[in-house]
Amino acid sequence: YSRCQLQGFNCVVRSYGLPTIPCCRGLTCRSYFPGSTYGRCQRF
């Protein structure tokens with residue numbers, strides 16, 4: 001368990017106040033499809 005999500009791990013684009021683990025440094029959370037709440041941590 002780490003405090004940040006590694007590349008390829010699931011993430012939440014819009015948390016709406018939910019407890020979430022941010023992507024690690026240098027990664028961004030890209031949604032699976034436009035408007036999706038969930039995505040995957042990827043490099044810029």
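Note that Cβ sites are derived from N, Cα and C of the backbone, with glycine treated the same way.
Of the cysteines CYS4, CYS11, only one is given by Swiss-Prot as the disulfide partner of CYS29: CYS11. In this view, CYS23 (disulfide bond) is surrounded by 21 other Cβ atoms within 10 Å of its Cβ, with every protein chain counted.
Recorded residues CYS24 (disulfide bond) and CYS41 (disulfide bond) have their alpha carbons 8 Å apart, per Cα-Cα distance. Each of the recorded positions CYS4, PHE9, CYS41 was scored by the other Cβ atoms within 10 Å of its Cβ; the lowest score goes to CYS4.
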